[in-house]
C-alpha cells in the first residue's frame, strides 16, 4: 500500500527542512518502519504530536522524511489511498491531506456542523437566494478550498448557476469563519498531480519495456531514464550542447512540463469554443450562461417573432436628454386627475337596487372583485398577442426613460407572468378585496384600489427618475393590493387575526397593526438590500395610501353611524310627540 501522497517529488530543499523537523523523532519512525505490515499514517496528530507545528506541516514532514532516493522510479508515487480516522465523520476538513477519496466537486464538503438556516441565508445573500442553493454553494466552495481547486476553470460548470457576486459573498463568509490555507492546499494538489503524471510516464515506459529494449527505444542514455539522446544525431547530451537548450539535455521533467502545457492549451481551447457556443445560443434565444445544466434549452425565436419585436420596441439607443420635471409632471397631473375623479365618484355613488344589478344573484363584493381579476387576466392574455405589444409597451408598462401618463393606470392591471405574478396577485385581491368591499362599499373600495395603484406607481416613478434608473421597468397590481390590504388591516388594527385557527383560544390572535408592520418591514428590507428585484418602492407607496384611506374610511364610517343614530332619535321623538297630540284630541 502506497501512502506517499506524491510528496517524495518535493525539491531537495523542502526534504531537508522536513528531515530537520523529524530528526528528533527518528526512533518513532524507526519503530514504524520495523512494523511487520505497511500502515498509512492517520491524518490526526495523535500518532506524531508536533506541539510547535500546525496540522499540514506535521503531515508534510513525516511523509517527506522517507529514505527513498530523490531520483529514480521508486520516488515517483501518486495518490493511491487516503485514510480518515474513525469517528471523524462530522469533523470540518480544512487540510488537503484529509481529503476523502470519495470527494466530488459537485457535492463539496461540510463547512460547519449544521447548514445555514433561512434567516442566516437571508442576512448573508438577501431574498434572491434560497436556503438549499446557498448551502450547496458554500459546500462546493469549501471543498474547492480544501482540494486546492478554487481557481480550476474546468470545475466552474458546477457553480455556473450562481452570479459572481453570490460566489464572492460565499467565499468571504467561508474565509471569515473557516480558516483554510488555500495556497498550501493548492500547492499540495499540484505536487500530487505532477507525481501522478510521472507515475503514468513510468507505467508507459514499463509497458513498452515488455515489448523490447526500452532504453534504446525511448532514447534514454542512463538507466534512470532521465536524459535522452539527441533525436537528430543520436549523440549523448554532454557531447552536443546547443546554446538554446539546457546543458542537461531533455529530461523527463521537460516532457512532463510540455505535456501539461499541451493539456492546458487544450482545456483553454475547449473553454473558448464553449463560450462562443453559449454566446451564439444566447443571441438565438436559447439558455444563457446562467441557465442550469438540467434545464431544457429554449426554442429558437422564429423570424416572424423577431419582426414583431423589432416593430414593437423603441429605436432609441439611449434615454432622451431632458430634466426630471419633464418626465414627472405629465404623470403627476394624470394621477391627480384620476384620484380626484375617483373621490368624486365615491362621494356621489349610490348603490343600485338588487333588480338593477347585472348579476343580482352574485354578492356585490364577489362581483366587483371578479371584474378586477378578469381585467388583469385580459391584459395578461393581450401580452400573448404580438400585434398588441406596441400599445401595451406604451401604455401598460412604466418606463422611467420615456414615461407615458396613462401607463400609471394601465400598469395597475398589467401582468406578464402567469403563475408567479397574476395568480398570486389575484389570490390576494380576492382575499382582502371581498372583505374590504363588504365593510366600506363598492365606491370606497374601488377608490382605494385605484388610488393606491396609481399613487404607488407615481412614487416608484419619482424614485427611478431621481435615481437615474432609466433601464428599469415596472408593472403589476401589487401596489394596489398593498393599499387595500393595509386599509382593511388599519380598520382592524387592534383586532386579533388567527391563521388556520392559531393561536388557539383563549388567545385572540395577532393584531392588524402587527401585519402592517410586517409588510412594511419586508419592503423596507428589500429597499435597503442591493439584490432586490421587486418594485418595493411602489409597495411602500401603496401602503402609505392604504393607511390614509383606512383613516378616512374610519372617519366616514363613524360619521355615518352618528348620522344614523341621530336619524333614529329624531324619528323616535317625532313618534312620541304625535302620540301626545292624539291623546289630547281624544280627551277633547
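Cβ atoms here come from the backbone N, Cα and C positions, even for glycine.
Taken from TrEMBL, the feature region 'Disordered' applies to 198-247 (among others).
Taken from TrEMBL, the feature compositional bias 'Basic and acidic residues' applies to 199-216 (among others).
What TrEMBL lists as compositional bias 'Basic and acidic residues' is 226-241 (among others).
Annotation source TrEMBL lists region 'Disordered' at 279-299 (among others).
According to TrEMBL, the feature transmembrane segment maps to 328-345 (among others).
Only residues 6 or more beyond the boundaries of the transmembrane segment (365-383), in the same chain, are considered here, and those with a CB under 8 A from a CB of the stretch are 357-359, 389, 392, 396, 410, 413-416, 418, 422, 425-426, 429-430, 433-435, 437-438, 442, 445-446, 449, 477. The transmembrane segment annotation in TrEMBL covers 365-383 (among others).
For 407-553, the entry in TrEMBL reads domain 'Peptidase S54 rhomboid'.
What TrEMBL lists as transmembrane segment is 418-434 (among others).
Sequence annotations record features per position, and here TrEMBL assigns transmembrane segment to 446-466 (among others).
As annotated by TrEMBL, transmembrane segment applies to 472-491 (among others).
Counting only same-chain residues 6+ beyond the ends of the transmembrane segment (512-530), those with a CB under 8 A from a CB of the stretch are 126-127, 482, 485-486, 488-495, 497, 536-537, 539-540, 543, 547. Annotated transmembrane segment per TrEMBL: 512-530 (among others), in sequence order.
Beyond the ends of the transmembrane segment (536-553), by six or more residues, the same chain brings 440, 444, 447-448, 451-453, 455-460, 463-464, 474, 478-491, 516, 519-520, 523-524, 526-527 to within a C-beta distance below 8 angstroms of the stretch. Summarising the annotation, TrEMBL assigns transmembrane segment to 536-553 (among others).
Note: the stretches the transmembrane segment (472-491) and the transmembrane segment (418-434) are in contact (3+ CB pairs below 8 A, sequence gap of 6 or more).
Here the domain 'Peptidase S54 rhomboid' (407-553) has a mean pLDDT of 93 out of 100.
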